[in-house]
Amino acid sequence: MPKRKTSAATQPGNRRRSIRGANSLPTLAEILNRPSALTVFITGAGLSAASGIPTFRHSPDAVWKGDVWTSATRSAWRKGSVGWWNDFWLKSFPLQFDGYVPNSGHEAIARISNMSRGRVKVLTQNVDGLHQKTNESWNHEENLVEAHGRLGLYKCVPTEEQESNDDDLQQGIEDAESKNEDVSALEDEKRRRRKATWCKYADERSIAPREIVPEKVRKLMFCGEEEGEGKVMVKMGTSEDVQRDADADADAGADADADADADADADSDVQGGVNAAVAVPEKTPYAPMSERQQMKMILDMMEQERDADFVEVEAPVLPCSPLCPSCNRPLLPQALMFDESYSSHSFYQFDKFREWFKEADAFVFVGTSFAVTVTDMAVKEAKKRRIPVFNFNLESGRLEPSHSLNVENVVGKAEETLVQLESTLSSIV
């Protein structure tokens, strides 16, 4: 059997350099510093691991395990939405990620976006919303796509007949695209049909928790207590909250160290794990907490969870499904189910990130396992146009360079290697 030929990129010496990423950061920094270049960052669960959020695969506490592959589907939800919420979703996922804060990797990407002379776009597979909560302000409204959704938001779902008609039209669009035919008329028809026959929350808009009906279900999901009993939900970790608390401390002349000590001595009613809200007697919508207090609370909760001394509160049992405020049909979380397409809801911005991929001059993967469609799309595009790929990942998640894939693997913790990239870029801008 003839031996497989090796290109220069895959010969032993070059592969060793590629795996360790010795020359990767300066090369990527040069691309980021090029005014005409478009660099697309694609981030996965590995980026948020340092924030305390479990990865989705390849860890003892991974989210995607057990029957989640068959349960996290629209078809399973349709078989019985109340049971789906009570027996699967509420027991498997937090309702939102308010208890987590961005780590140095998120912050580095935000600063790189601001610092780069070229265009930087970020597509995240994560549903934690941390990219838009960074202390570093950046134009995430324009330059971020949450392709798998965001926990804390909800969507209506079209009827099966509406969905079938839409699928037929989408198939026609894909067939025309494969023949390089103009699809603008078909896409216009698809938008027209959705607008005319679908609920607005099934395509155009997302549903916030405060909009969910009926009221009893909404209270069970997000408060756990009847309103007016002196217990409220404390939102932790957003940059806005941190700034508000810092301003409040400054105005009052508060001593952060004294506040932290007082907070450590105070008894608190903790409901749940790291992501839990804390019930406190307070008349205002949010309890005034300094940044130091917030971080100390989060770290204490993480330590309790690691030591297995933490008692989790059972998920609420809903008497009926949460319902759409517009059409009163059962809701799904605004998260991409395994049997849903990226074009199933406008929140996932499929057309937008597809154009990014077509125009990209480089792809940067961060903490992804390459097990979803969007990463496969990006890798195929990179191979097709022979554009460079940079993979910030742990050893187990790296790509292999080949004759058709120009990839540099930067091995290490993303929260550290991304900061190194930021430093490299700052030295040449």
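Cβ from N, Cα, C; glycine included.
Curation does not apply to TrEMBL; its annotations are automatic.
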Region 'Disordered' per TrEMBL - which of 243-269, 270-296, 324-350: 243-269
Secondary structure content, the compositional bias 'Acidic residues' (160-169) (per DSSP, counts of residues): 10 helix, 0 strand, 0 coil
Distal contacts, the compositional bias 'Basic and acidic residues' (176-189) - CB-CB under 8 A, six or more residues away: 169
